[in-house]
């Protein structure tokens, strides 16, 4: 009997040891995947977004769409720069050696980037829908000054929604005497997660779900308007913006879904394994946009003869003035080329300069 008891205890110990080794192996794999994703995000994000800012913000003639895209690129560039500290933290086994301020700023700008990006995508979607349905209205009010004012408003909103993460993020002593940097709410230490769950809920609703519904409605309206006015196809800016929206929600969607799952069951194995990877893919969104611009501007037939500046110039060029309809030129009114240099097509008089 004693022999059987000893055998059972040894067997249970072997199973526990095997489980712990498996868990350690999974954690190590997750850490390696996260490090790779962070590295790709930093290298390609800093390089690509710098090129976008240089091309769309400096080299090319300013227009409304480029103002939106430059603001997106600035948010992504700052975000990628702040990810350097996150990468170093991962390399040092989640030890945070950078102090309290960088801990707060790192978390703050992580979500400022998210809010700024999704708010800008929502603004761009509304802008494109108005271009299709209200061309006269947009011709008078869609100016560079208005775009800059709206961009400043978007940044202010993003800062407001992200400020709690600057306030509540703290550095504390964790396991193995390693400094940790994470969101710490006083009530949560007493078992009350109401404040934390409220932050998660606001982040999901205002930073994901509601903007997604706005964007979806606007693109449905824009598609219906394009079909109604018999445009031969979408303009390149509309295709680029549709790609940006898809990339954003594909990258950030799993992260938000797993955070909701974490609110329900914090100790879930799926959350523990999936959340670090989902976070890495969410960060990856900041280096995807320049790649999308590059692909949209690339002419496959001339791929070996194109310069980098030529590819991005073609991507950012607004094509609305080339699309015609019998009822009017909604896309034409939405490009930002000054009236003194544009062309208007009259179906009775041909082409005339205005």
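The backbone N, Cα and C atoms fix where each Cβ goes, glycine too.
Cross-referencing 13-34, 35-56 with TrEMBL places the feature transmembrane segment at 35-56.
Ranking 35-56, 68-88, 108-133, 145-168, 238-261 by CB pairs under 8 A with the transmembrane segment (202-226) puts 108-133 at the top. Between the transmembrane segment (145-168) and the transmembrane segment (35-56) there are fewer than 3 Cβ pairs closer than 8 Å, counting only residues 6 or more apart in sequence, so the two stretches are not in contact. Residues 64-65, 68, 71-72, 75-76, 78-79, 82, 142, 150-151, 154-155, 157-159, 161-163, 165-166, 169, 203, 206-208, 211, 214-215, 218-219, 221-222, 225-226, 229, 237-238, 241, 244-245, 248, 252, 282, 285-286, 320, 330-331, 333-334 of the same chain lie 6+ residues outside the transmembrane segment (108-133) yet bring a C-beta within less than 8 angstroms of a C-beta in it. With a threshold of 8 Å between CB atoms, the same-chain residues lying at least 6 positions outside the transmembrane segment (238-261) that come near it are 72, 114, 117-118, 121, 124-125, 128, 200, 203-204, 207-208, 212, 215, 219, 222, 268, 270-271, 274-275, 278-279, 281-282, 284-285, 288-289, 292-293, 296, 315.
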